[in-house]
Structure formats: structure tokens, C-alpha cells
Amino acid sequence: MDVLELLRVSGSNMYYSTFLADAWCYYISNQITMTMYLYCALGVLSMLFIGWFVYFKRLARLRLRHEIARSLSAVTMASGGDLRGPRFRKRDKMLFYGRRMLRKMKNVSGQMYSSGKGYKRRAVIRFARRILQLRRENMPLEVRTVEPPAEYLEETMEGSDRVPPDALYMLQSIRIFGHFEKPIFLRLCKHTQLLELMGGDYLFKITDPDDSVYIVQSGMINVYISNADGSTLSLKTVRKGESVTSLLSFIDVLSGNPSYYKTVTAKAIEKSVVIRLPMAAFQEVFKDSPDVMIRVIQVIMIRLQRVLFTALRNYLGLNAELVQNHMRFKGSSQGAGPSVYCSQTTRQATGSASATASAAAASGTAGSTHTAVPRPASSLSRYSQDEQHTLSDPNPGIPNLELSGDSVNTLFGEVNGGARLNSYPPLYHQRESDGNLSTRRGSITQQEQPEVGPVPSIDMRLVKSSAVDSLRKELGLPEQDAHIIDPFVEVREMEPNVTLITEGNADDVCVWFVMTGTLAVYQGNADATRIKQDKTDLLIHYVHPGEIVGGLAMLTGEASAYTIRSRNHSRVAFIRRAAIYQIMRQRPRIVLDLGNGVVRRLSPLVRQCDYALDWIFLESGRALYRQDESSDSTYIVLSGRMRSVITHPGGKKEIVGEYGKGDLVGIVEMITETSRTTTVMAVRDSELAKLPEGLFNAIKLRYPIVVTKLISFLSHRFLGSMQTRTTTGAPGAPVEANPVTHKYSTVALVPITDDVPLTPFTYELYHSLCAIGPVLRLTSDLARKQLGMNIFDASNEYRLTSWLAQQEDRNIITLYQCDNALSPWTQRCMRQADVVLIVGLGDHSHLVGKFEREIDRLALRTQKELVLLYPETASSKPANTLSWLNARPWVTKHHHVLCVKRIFTRKSQYRINDLYSRVLLSEPNMHSDFSRLARWLTGNSIGLVLGGGGARGAAHIGMLKAIQEAGIPIDMVGGVSIGALMGALWCSERNITTVTQKAREWSKKMTKWFLQLLDLTYPITSMFSGREFNKTIHETFGDVNIEDLWIPYFTLTTDITASCHRIHTNGSLWRYVRSSMSLSGYMPPLCDPKDGHLLLDGGYVNNLPGHLWRYCRASMSIAGVFPPFCDYRDGHLLLDGCYTNNVPADVMHNLGAAHIIAIDVGSQDDTDLTNYGDDLSGWWLLYKKWNPFTAPVKVPDLPDIQSRLAYVSCVRQLEEVKNSDYCEYIRPPIDKYKTLAFGSFDEIRDVGYVFGKNYFEGMAKAGRLGRFNQWFSKEPPKRGNHASLNEYTFIDLAQIVCRLPETYGLNPSDLFSEDEDCDGYISEPTTLNTDVRRYQVPRGGNSLSLSETEMDMDSDVEMDLKMERKMDKATQSTPPLQSKAQILRRKHSKEEARHEWEIKREQKQELAREQELERERELSQKGTTAGATGYTPNAVIATQTSLIFMDEEDEMDKKKTKDNDRDEVRGSAEDKGKEKEEDKENRSNTNNETKNYL
């Protein structure tokens, strides 16, 4: 509200323009100073007189007592006796006089409340209470403010004292290679050596063999890099407990290729002790445990992709610099060039007749890599058009090589007549649009080429034979093992610009070998330092004939990290992923050859970075670095969550921020070379990549583009910090006001009691999250079915953590549904969770159970949020939330969720899955509480900020209606002054009709002038006492707390006790709304009961920001109009929040809102003032004012100056909000309405509605409304984005190769258990049926929440199903009822049958292999073998066909068995249901007969 406008009430306002009011204000303004001094003098004289009187009375009484005591002592001495009688003790006096007073009060109260008597006495007492304010209010219940435990802000200092330091350091260093069992670790320890180095001694030098892992036990080692000019540059400093090793050199040593240091040197800075572990020790271990070797290779490849590539590509902008771009020649050690294919196949096809052409082709390709093989002139025109679409190289560092792929394609692809072989089904897909790719800048120049005769026909069998031979060499297999890969090799012919595989696709992962032509490898422009990502792909490198690609994705088991396209006409040979894994079972060593192929392709830069980059694993509570330590490195969070805590000089700790997956930690301190300003610790188990400062300097010198990336990153970070200036300096700032990122990757769901419907709740939340992005729901059953029943054992720690990390990487958020007991899965969920949602029933008891306390003990540092569920009934509203929060001081935030009827329906687990299989196919309701919770978890919340402006705040109601019609959800609400009132109404009701009705009634009460006159008081602090104003707000809200509102709400007030603004997110609603409306001069500040601080209108500092009405009243405490409101918590005086921030959008942004709509209805000051010079005369102003013939001047008067001074902070905050990118600032045209024009409520509301409707329609046409009402994707998400768990399974190569116990997938029969026969909720988590993919398909429909009609439809469907089943039972024989024990026995027999079926299947496969080998031997003896493989195509086809038929028969038998079991279980369940229905009907009939008899 505006003080100046209140002092300038126009004559048009009929309620305040009376003569009596004007005379009263004029008299008070002139006489207030004299009256104040007079009363002060009278008060001082009165105090002096009273003090003098009391002093002399006290002195006289003391003299009298002294005389009496002296007389008694004289008498006692004379008589020699004791004259003391019975003593009247003080306690007895208090009891005596207390009883007398109570008897009198009882008589008085009896007279007052007797019928028709004591009326005058009651009136006098009521008048006295009103004047003297003797009324006593019961203070409301408030949230107990409990400091978080010490573990929440402190690191864990517990050390591993039982482990020797050298063993501990070694264990931590080799952890990068994966998990080792204890016997293997002890065998590795036997090979360790201790090296003692003095300062300046070399640990290793250039040309030394790179065959060891070095671990620093004490001292410091400096690792240098040597440049070409002979200069050296420090790469990193290795301290105690750290290691020096290279993962790429480790693969070289295992592959048998000796590696030497070429540019890296290590020297001791001081006296040091280093542990040396030879890599040959691993070879000895791997001979006995091949599964360990394969697992180590897989871990190294995963670390290479997640650490090296993530750091260098996403944060330093290096893409093509990571791969060597060279062409392999004929003399290469692995594979052969295209000339070899030409000469070999030509000789085999035509013998000596075509030797001349073959030799010419061979000499043409071997002589120069840039010379094309001659081709017929007729084909030039054909290829010239295709070559125009060949992609150019956007990176000038990569040579644009013109290869002979097209001519070789002519030799292989075009036979007599020019027909191409297209007999194979296409694996690839042609791109529909190549608009994101740049076309070639220049055409190919046609050179003079000699004519060549006709090319002879080529047999595709020989082409495949050549491909098999080349792939065999690439995989490191001997010649006699060619038959192993022959059945799996496929050959395809590619047109130009054909996509073989796309980035992020896990379905078509293959090992590609280029026979002719060229493949181009691209990667998306994923720059972590940019806000808007480019959709263009970056060219990484070319794959030339004789080279292989795809080994990295094959070894990691993850999706492809690149997009591969054909650059021109090409022929490729490939082996699919499943085939590679089958080959690995027979020849595990191909894992090393694939890994070696990946390593050979990397550039020297990657090898140098491999020495500097470190992979760090931090357990929960461990510190990454501490405050005031030196900053020599930065860190990238790969997985987990980190918390930054600052320690103030007084010892108090405060949260500065939290970091999630993909965040960069400590970059500013490292670049500015300052010490660490905070302590960063792990909230949960986390993986990080460490980038030392020396590596940054080395890369900056070689690639200046890195500097640009760092500047861009720092600029965006500083810009974001400026726009999200924190408000933690205020005493009332909540924990959420800290700049903590409210975006979580993993969420654990924990039920408070067994009757909580956790599975339906998880499904509903999963349904809403699917509209935002890819999400995954994990349960204990699903983990066991995917990874085995023993997956939670300690020996399977690596498999479980790797699988969970893979799922988290592929989804924006992962839901961990915990068990109802403290099981290993529940403990794992606590270790993996970024936030824990504690789910309870709002209408049940708030007591804390033992299980919940154990959860708090397991996750001390993890943020916990309370979710209370309420049924969808007309009378259900949140209540008693304070009791829930006080019983759980560890909860940082709470959510009220209104649930549809289907969540509380008591159904079996099978029926719940069946119900949500249909629900998940529909669109979620974006206005539901589940969608609001989903947006909060993913950091996409939408906030609404309502500013102050007096009666102009009626426009907020119209804007709310327009927002609702525009389809914009509201997740958070904040308000100041009148905005606090309107926002609180919306959060309480969420119905625009009810909100409008209550706001209109309150506005009518504000127009009753006689009530305002009765509220006038002597204007020492304010003009009004605020009693009637408090009454109107209290009647509007009642005794409601802010915690009981449906939508998260806050109001902002001005604390004049602490001289700052305060944010209120809990407490009495009406009081803080009242204090936010306490405009200075009109209403006294509200005294905060918490600390006694005086609170004024929050608009004085920020005009856009317990029992509910108290804080609403505090937010409306206009200074001078109403007295400041005293906070019932601390006693601070609160005034209107408009003095500090009239539109607190910045506060809303700090509380977690990503998109904000700010509505400002405040008055605008006139800035067009008159320049009157250096001095100003009041007489001159008076002359200008009264002279009608002079030009008017605009000079602010005293009240105007005071008002402008009060709103200085508010105006500054408002300008920052207008210029921010996260806020949509809206100001309706309501300037013509005065601050106190409450009688024009409907008119102002209509103005706001019409303006808001037109405004949002304009935003929709401009395409700017999507970020508010279209938070889910318009297009159906692709299969890769919403893939099911079966599509993204963790590939454990060790399990595949070494034939470890296999796990079972999701079978339909596994979804049926004995729990289905029970009534009520089955809290044990489970999964959907087999077709999980269709539940993640985009929804089709309008709403998630089912209406009554939809619920009836569901019930009708269920009734139809029941009738169909009854009809089936009527025609068929009803199976007998089965007990639970029988079901358990049948389940056990099913498992045995499945085991027997698998044994038979393996026996059939072994028999087929034996028959195949016998057939091969027979064919070899007859001399009818083809090529070097000893294998006929017909035999291969026959063998494969027999295997396929056997598999189909097995699958049919298995499916038939499962269908029978499912029918039996369903039949038993239906029979039980029928029996229960019959019993229920019999009981009801018996009751009716009894009633009739009575």
C-alpha cells in the first residue's frame, strides 16, 4: 500500500471525505509534537512524585519496625522468656489470600453471567478490556525450530584405523579398476615394492617402460609434461594417498604391446615413499580368474567414457581433438586396405584372366591415399551427383581425404549390367532430413583417368570370406577360429548419407568394419557451459577402409556415444552385439583386442590427460576438500550429490549450495587461485572426476578454444548468481532460501506405516514424471529379476552399483520404491537417494515409528521431505500438519497431495498393475498435486507472485481466473500486502469462485466507515488500533496455519526490529498477512511472538516476493494506518512487506521456482519533477500553488519524500525483477483506481481478468506460453527416450563370458504370487507385466485424475470382466479352491520346471553343436569346403534354422506352461472372491431376517 495516497484521499471517496475526518487529521498533524512533549513532562513529574512518596512511606515503615523490634528485645531480656507465637509462613499467606480472591471472583462471575443480571458490570468490564487491552489470546501451536544434526553439516571423521596406511592407499588406488575380492587383493599386495625417493629424484622418465601403478605413501610427486620445444609444464601434484597411473597403458600391457613414457615425467618434490605395483601382477591374477580380467576391461572402458570424454568434451569443448584422424595403409598390423580386398577377391573369382585389372587396382590404392581407382566414364555422372552430398569437414584440423571408396564399390557392387546386390534386409535407416548438416563447399574435380575394361563379376561369398578374414584379424583370432565368427558376419552396402546408428541408441550397437568407402562419425554438440544447446552434430573423425568402429559401446554395454553415417557409397561388414557376446564365451581374449582397438584410435592428448585425470569415489559424509585449503583442481560430479558448507568465524555452519550430476565444483577458486571458501562433502555415495590445474594450463596453451569455454561457463555462473541473489541474511529466511538446487536425480519413497498405498502413489508420481522426461521406477523385485536373487550380496556390489548408475544416467530421475522393512534394498535406496520422500496418510496418527527412525539414522545427510496423502472428498482439508512436523524435526519440507479415489481402492497387486497399465496410457493432469510434486523434484516449478497495492489488489482475482483459463499450473505462491491476502485465499481454497466470494466479502467490510471510526485511536504509533482490521482478516481465514495450505505459500514483511525483510513460510496465517499489510503511519507494526520483532508491510523492501491470519495481518500492517504487528514467536514488530520488496519474485526464485509470473498492482511514482536549482523557498512554492496564472511546479512535499525514501529498496528490487530472465512481469492497467477504493472490487477484478486473458492469448500466439502450460513434450517421445528396463539392461561381460549363474527376465508367470489372493494392500513392490514399454509411451487423453464418469467406466469394465468370467465358469468345470500352501507348492514346482526346461534347452543346443561339428568334419573329408572356413553356407543355414525351430518350440512350450499356471492362479483367486461374495450375501440376508423378526 502507499502512504502518500492515503494522505491524499480524494473527494470522490465517499467513506473518507467527511468534514470530521479532515478536521481530525489536520488537528492531529499540527498538535502532535506539542502534545508529545507535554505528556512526557507530565509523566516525568508524576514519576518523581510517586518515587518521593514511596520513599518516605518506606522509610517510615522501617523506622516503625525498628522501634517495635527494639521494644520486644527489651521486654524479652527483662523477662528472660520467649514471646514468639505461631508463625504465619509466606506459603500459607499465599494460599490464604489466593483462596479468598478465588471466592470473590466466583461470586463476581456468578453475578455477571446470571440471566438478566450484571449487565452494566459486564459492559464496564468489556469497555475496560477494550481500552486497556486486557484480552488474553491463546498462543497458537508453532513449529519447533530444531537445528539439524551435526552430521548434516559436518564431514565424517571416522578413519579406517584397522587397515594399514599402505594397504588403505593401495585399496583406494586400484578401486578404479573395479571391485576385487579379498584373496585377489592379497595376491596383488604380494607384488608391491616400496621406493624411497629424495627431493629431485625421478620416479620415472621419458623412455622408461610404462608398466606400473605408483601410489604415494608419503611426500609429494610432481608429474610433468614435455613439449616439443623441450620445455616442461607441471601436469599435477600427487600427494599422500593419491596414485599415478594410466588406464590406457594398462590395456596396452595386458594386450602384450609394451608401452613407454613419451612425454610424461614424474619427479619427487620432497622426500617421498612410493608403492609400486607392477601391471604384470594383474596378468598373473587374470590367468586364474578370466572373469576378473573382463570386468576390469569393462570398468576401464566405462571410466574412459564417463571421466575422460565427459570432462574434455562437455566442459572443455574438445571433440575432434580426442581421436586420431589418420588413414590406415596396406602395411597396417591389423586388417587390410581396400586394395587387398580387390586383388584377393579378383584372383579368386577370375584367376589369371583378371590379374592385370587386380594389379592395377592394387597399385592404385597402395601408391597414394589421395588417388582414385579408375572407373568407367559412364559412372562418373552417376557418382558426381551423389558426391555433392558428401559431408564436409567443419574442423580445419582434420584433413579432407578423397578416398577411392566409390571405385572400389564399382568393383564390388556393380556387376554386368550395373545391378547392385540388395538381397539383405536393411539394418540402417535413411535420414529424412539432412538440414542440420553442412553440404560440401566444393565439388570433386574430375581428373584425367585411363580407361579400364569391364569389371568381372564378383561372388558375394568371396566378399564375405574376405570380411570374415579381416574381422578375425581385428578381433585377434587365429586362422583356425574363422568358423566361430563366420555365421555372425553380415555385409551391407550403404548409399551416401545413410545413418548406421544414432547417438544414444542401444538397439543397433554393432562392431562395424569398413570394407570400401568411408564412414563419418558425429557427436551432438553437448556443451555444458551453454544454456541453449545447438542441435547440429560435430564431425569427430572418419573411418576409412580397413578400420573398425563400435568397440567402445560394445565393451561398456551402454548406448552408442556417436552417430555413424556413410560419407559415400560404402560397403561395411558388421557383427551385432549379441553375436559378439557369444563369441566372447568361446574366446574371451577378444575383449582385449576390442579394447586395444579403442585405445589405438585415441589421440596423444587423451593419453596425457589420462595421467592427470583421476576418478574419485567418495562415501557418504566424506569431505572432498575443506575450507581454507589450497585450490589446485576442480571436480565434475559424475553421480551422487555434494553439499557445500561454510563455517563462519563464530563456528556456525551454513549451507551454501548443493551439487548434483553434471555440476562443476570448485572451478572459480581454482581459476582465481584462491583458497577454498567452503567445505564440500558427499551427501551420498558419489563419483567424481578430478581435473588438476596443470591439465587446464596445458590444454589452454595447446587449444585456446578452451579459454572461451571457461569464460562462457563462468559468465553464466556469475550471471545466475546475480539474478538469484540469496536472502539468507534475513533472520526469518528459511532453509530453502539457500541457493540449493532443487533438482534431484534419485528419489527414495518410504512409507510411514504398512497401510500407506505406496505402490499406487509411486505409479501416480511416475505417471506425472513421464510427461517431463524419461523416468524409471525401481523396486526390490525388479532388481532381483534383472540381476539375480543374490544381487544384494557383498560379492555383487560392482554389478549392482554399475547397473544402478547406468539406469540413473539414462533417466532424468529414478524412483526407488523402498520395502516396508529395513531390508538390504531399503538400505541401498537410502544410499542412492538425493532426497527421501516420507509418505504418510494425513488423516492418521502423526506418531513416528521405529522403522522411520531407522531411516533417519541411515540417511543423516540426505534431505527428507514429508508427503501427506488425502482422499478426494469435499470436506478433506489439511489439518494438524504442525504435529507431523514437530514429531519429525529432520523433515525440511512437506507436501499435501490430494489423491484420486483409485489410490485408496483396496485391490490386489495384480489388479493395481492392471489398473495402472491403462492409466499410464493417458495424459497426466498437469494441475494435480502429483504433477506439482513432479515439477518440484525436477526443478520445473511454476511460481506466482502477487504484489501489493491496496484495493487495486482485486485485479489479482481476475488475473488468477485468466491464469486458470490459460491452463497454467501454480506450484508456489508468494504475496506482499494485499497480494498476501489474495495469495493465501488461493492456496487455501484453490477454487476461483470461492476465492472471489471471500475476497469480495472482505472488501465490503473495508468500506464500512463507522467501523473504521470506532478503530481510531490517539496517533502516537498509528491512526488506527488495528483491532477491526485484525477481525476482518481473522474472520476470513480463521485459525489456519501456513503449513496447512494446499500449495506452498510465503509472505514477506518488513521487520523494523532487525531492520530487514522477513520471509514467513510457517506460522499463523492471518497474523503474517496482517503484518504484511501494516502500512507505516496508519497501522501499528505487528509484534512477532517468536522474537518480539516489529514487522511492517514487506513492500517497503520487496513489493514482489503459525495461524494463517496472523502473518497475513502482519503483511498488511501499513505503517501509520495500522499498528505494527508483534510476532507471537519472537516479539519482533512487523510492518507491510511493500517497504522492502513489493514484488518478491527473487525470493520465489531462491525458494526453487524455475518459471515465475509476477503481477504488480502498486502505484507508480511521478519521476517528471521540476528542476528548481540549488535552493528552494517554501514561499515560492506557496506562490506557485495559489497563483493560477503561473505554470505549476512538481516538487515533492514532506510526506512524498518520506514515502520515496521508504520505497527506495523496493524500487531497486523491482527493476532487477523486470530485467530477469526467469520472471514474466505483468502490470494490469489499474492506475486510475485509488489505494482505498475497495468499493470498486468487481470493476477492478474485471479489469484484471480482461487484461490477463488478452495478455496470455498474446503469449500463446507468440509461442512464449509453452514454458508455463506445456511442460510435457508435444511430440510422442521416442523409444530411446522412454525405454523400458528390458531395453536398458546392464551388460556384465564377466557373467556372459565365464557362464556365471544367469538371471531370469520379467516373465508373466513371475508376476503372480500368493499375495494376489490377499485382500488389501500388498506393500511389497513389484513390477508391471512383460510389456513394460507400452507404459512409457506418451499419454493420450486430457487428464490424469479420473472423474466420476471415468471411475464408473472403470467399474463397468471390471463388472464386464467379472460377467465374462462367470459365463466362462458356467460353461466349464470350476476348478477346486486352492489354499495358500498349495499355491506355494505350485510356485515351487514351477521353479523346478523352469530349471529343468533350461537344462533341456542347453542339452539341445550342445547336441546341435555336436551335429554341426560332425557335419563340418564330413564336408572337410569330402573336400567340399568353401574357402578357409571349412564351412558351407547351406550347412550354416540348416544349422541356424534348426536352432531357430528348437528355440521356437521351447518358447511355445514355455508360454503354454505359463498360460496354464496363470489361468490356475486366476481361477483360484476368482473362486476365492466368489466365495467371499457369497459369504457376504449370506451374512446380509441373516441380518435382514433378524431385523424383520425383531
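Cβ from N, Cα, C; glycine included.
Annotation comment: Swiss-Prot describes 36-56 as transmembrane segment, evidence class sequence analysis.
Residues annotated as topological domain 'Cytoplasmic' in Swiss-Prot, with sequence analysis given as evidence: 57-1494.
Gly256 (nucleoside 3',5'-cyclic phosphate 1 binding site) falls outside any helix or strand according to DSSP and counts as coil. Neighbour list (Gly256 (nucleoside 3',5'-cyclic phosphate 1 binding site), Cβ cut-off 8 Å, at least 6 residues apart, same chain): empty. The annotation nucleoside 3',5'-cyclic phosphate 1 binding site is assigned in Swiss-Prot to 176-303 on the grounds of sequence analysis.
For 362-372, the entry in Swiss-Prot reads compositional bias 'Low complexity'.
If you look up Swiss-Prot, you'll see Ser443 marked as phosphoserine, on the strength of similarity to another entry.
For 474-601, the entry in Swiss-Prot reads nucleoside 3',5'-cyclic phosphate 2 binding site. A strand conformation is recorded for Glu490 (nucleoside 3',5'-cyclic phosphate 2 binding site) in the three-state DSSP classification.
The nucleoside 3',5'-cyclic phosphate 3 binding site annotation in Swiss-Prot covers 590-717 and rests on sequence analysis. For Ile590 (nucleoside 3',5'-cyclic phosphate 3 binding site), the Cβ neighbour count at a 10 Å cut-off comes to 24, with all displayed protein chains included.
The feature active site, nucleophile is assigned by Swiss-Prot to Ser977, with sequence analysis given as support.
According to Swiss-Prot, the active site, proton acceptor annotation covers Asp1097, on the basis of sequence analysis.
The Cβ of Tyr522 (nucleoside 3',5'-cyclic phosphate 2 binding site) lies under 8 Å from the Cβ of Glu503, Asp537, Leu538, Leu539, Ile540, Tyr562, Thr563, Ile564, Arg565, each of these being in the same chain and 6 or more residues away along the sequence. Mean pLDDT across the topological domain 'Cytoplasmic' (57-1494) comes to 70 in this model. The distance from the Cα of Ser570 (nucleoside 3',5'-cyclic phosphate 2 binding site) to the Cα of Ile590 (nucleoside 3',5'-cyclic phosphate 3 binding site) comes to 26 Å.
For the pair Asp208 (nucleoside 3',5'-cyclic phosphate 1 binding site) and Glu490 (nucleoside 3',5'-cyclic phosphate 2 binding site), the C-alpha distance works out to 43 angstrom. Around the Cβ of Thr192 (nucleoside 3',5'-cyclic phosphate 1 binding site), 16 further Cβ atoms fall within 10 Å across all displayed protein chains. According to DSSP, Ser686 (nucleoside 3',5'-cyclic phosphate 3 binding site) is assigned to a strand segment. The binding-site residues recorded for this entry are Thr192, Asp288, Arg622, Glu654, Met670, and the Cα of Asp288 lies nearest to that of Glu490 (nucleoside 3',5'-cyclic phosphate 2 binding site).
In sequence order, Arg306, Val307, Thr310, Lys661, Ser686, Glu687, Leu688, Ala689 are the residues near Leu638 (nucleoside 3',5'-cyclic phosphate 3 binding site), counting only same-chain partners six or more apart with C-beta under 8 A. Every protein chain considered, the tally of other Cβ atoms within 10 Å of the Cβ of Ser570 (nucleoside 3',5'-cyclic phosphate 2 binding site) stands at 29. Rounded to a whole number, the distance between the Cα atoms of Ser977 (active site, nucleophile) and Thr192 (nucleoside 3',5'-cyclic phosphate 1 binding site) is 72 Å.
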